[in-house]
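Below is one structure, written out as structure tokens; the observations come after it.
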Amino acid sequence: MNHDKSPIILIGFMGTGKSTIGKYVADEQNLSFIDIDSYIEEKYKLTIPEIFCKHGEQYFRNLEFTCLQECINTADIIATGGGIIESEEAFNFLKNQKNIIWLDCNIDIIYSRINDDPHRPNANNKTIKQLNDLYCSRNLRYNEIAFKKFDSHLLSISEIYYELLNLIKASDQY
């Protein structure tokens, strides 16, 4: 990565396609990609649910922010966890970044993707109403820091890819 260029940072609720889209774009453009959740699991040798269980959500949010700071100058594309905006430090840090892309999706589709996924501690055993409440509570924050929003349930991966390519070219990056 050219360190003078800002990474593309994918934000959005869990299950909206941040990791899938990030990896796809990185593979297609031969760019570096880091999924913050995977990075945390590799670095700390614990799964996200194990971290939540052993240390709590606040501890995890602190790790998430620390890892985002570590990765900000080393990756071309970064997929964040859906709750990264819950931390004031991370939220304020992201506000100062340039290429924040918000991937959004219909809550019914999100629910079908993540319902009973044991790797998602904030979704586990939640009703669609509980998940929707969490989703709604985060949307204002995503909107506040996003440079561009894509509805991943309305666009295919390749359509989002081409839209991102146009953004990259428009900002003369990579």
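Cβ coordinates are placed from backbone N, Cα and C, and glycine is handled just like the others.
What Swiss-Prot says about this one:
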| type | residues | note |
| --- | --- | --- |
| BINDING | Gly15, Thr16, Gly17, Lys18, Ser19, Thr20, Arg120 | ATP binding site |
| BINDING | Ser19 | Mg(2+) binding site |
| BINDING | Asp37, Arg61, Gly82, Arg138 | substrate binding site |
Query = Should any of the binding-site residues Asp37, Arg61, Gly82, Arg138 have a Cα within 10 Å of the Cα of Thr16 (ATP binding site), which are they?
reply = Gly82
Message = If I take the alpha carbons of Ser19 (ATP binding site) and Gly82 (substrate binding site), what is the distance between them in whole Å?
response = 11
Request  = Find the shortest Cα-Cα separation between Lys18 (ATP binding site) and the binding-site residues Arg61, Gly82, Arg138, and name the residue that gives it.
outcome  = Gly82
Request  = Determine the Cβ neighbour count for Arg120 (ATP binding site): the number of other Cβ atoms within 10 Å of its Cβ.
outcome  = 21
Request  = Look at each of the binding-site residues, Thr16, Ser19, Thr20, and point out the one with the fewest other Cβ atoms around it within 10 Å.
outcome  = Thr20
